[in-house]
Amino acid sequence: MGYLTTDKKKVTAKTLLEMKASGEKITQMTAYDFTTAGIIDAAGIDSILVGDSASNVMAGNQDTTPITIDQMIYHARSVVRACQRCLVVCDMPFGSYQVSREDGIRNAIRIIKETGAGALKMEGGKEIADTVRGIVAAGIPVIGHLGLTPQSIHKFGGYGLRAKDDAEAEKLIEDALALDAAGVSAITLEKVPAALATKVTSMVKAATIGIGAGYGTDGQVLVYADALGMTQGFKPKFLRHFANVNKCMTEGVQEYIKCVKEVSFPSESESY
Ligand code: KIV
């Protein structure tokens with residue numbers, strides 16, 4: 001269950017603050033299953049986010065709102081089992097903290113108890129600050145999430161750049177300060193202007209982790225299927241493909257089909 005078994009120190013929410021202080025960039029990538037998480041952890045990532053993007057990436061939903069607490073627990077528990085070193089962060093899904101402070105704290109405790117994750121992530125600013133304070137007081141590290149917050153997609157109506165004008169930028173700063181005062185360990189900044197993300201980073205004690213927020217944040221996060229070139233036809237400006245796993249898998253599957261069809265697999269040596 002994620003205990004330290006290598007000579008490398010286990011990453012915790014506290015480590016993120018130490019990395020901010022030392023200027024070492026934080027690397028985070030999503031994962032939702034045991035096999036993928038094991039590869040990403042062994043490659044040396046600092047943190048795996050079990051994002052509610054599992055709703056899109058794993059289940060093929062249009063947005064993140066349908067995923068349930070039980071489904072997030074299933075994904076996060078699988079990831080925690082695979083990880084030796086990195087900090088596993090689990091998203092609190094839509095509906096698990098919006099009803100009331102007590103409900104949010106109860107769900108947060110349940111997710112931690114049943115997954116073994118090292119921190120939780122929650123979308124929103126001032127309006128969730130009191131709930132965040134309660135969860136942190138219960139001993140659970142929290143990561144905030146501002147800018148493009150996909151759980152509110154129906155309110156915003158699209159996935160465009162956020163905080164483009166002065167009023168929105170000012171609100172984002174106020175929300176970041178409210179989360180910081182509530183005790184978050186980090187804040188994810190999604191799809192906001194780079195200059196604003198850099199400014200927020202200098203204003204908060206918490207580490208900032210950007211996605212589509214430029215290089216001035218304390219770290220970066222990407223969805224693994226996007227970063228590794230598995231998803232086709234999704235290439236926003238902020239995304240870089242660091243591998244072409246789609247091509248690699250397609251070629252592997254085609255080679256398997258070919259070998260089975262021509263009866264070159266299994267060979268004598270692959271038979272009992
Ligand atoms: O759910 C997710 O994958 C996320 C990242 C995009 C930050 O929240």
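Indices start at 1 and increase along the chain as displayed.
Cβ coordinates are placed from backbone N, Cα and C, and glycine is handled just like the others.
Cβ environment of D52 (Mg(2+) binding site): T64, I67, M72, D91, P93, F94, P150, Q151 lie under 8 Å away, each six or more residues apart in the same chain. The Mg(2+) binding site annotation in TrEMBL covers D52, D91, E123.
As annotated by TrEMBL, 3-methyl-2-oxobutanoate binding site applies to D52, S53, D91, K121.
Among the features that TrEMBL reports, active site, proton acceptor is placed at E190. Within the same chain, residues at least six positions away from E190 (active site, proton acceptor) with a Cβ under 8 Å of its Cβ are H145, L146, G147, L148, T149, R162, G210, I211, G212, A213.
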*asked:* Cβ within 8 angstroms of the Cβ centroid of D52, D91, E123: which residues besides those meet this for the Mg(2+) site?
replied: G51, S53, T64, M92, P93, F94, K121, M122, H145, P150, Q151
*Measure the Cβ-based neighbour count of S53 (3-methyl-2-oxobutanoate binding site), defined as the other Cβ atoms within 10 Å of its Cβ.*
21
*Of D91, K121, which of the binding-site residues has the most Cβ neighbours inside 10 Å?*
D91
*May I ask which residues of the same chain, at least 6 positions away in sequence, place their Cβ under 8 angstroms from the Cβ of E123 (Mg(2+) binding site)?*
G144, H145, L146, T149, P150, Q151, S152
*Can you tell me the three-state DSSP label for D52 (Mg(2+) binding site)?*
coil
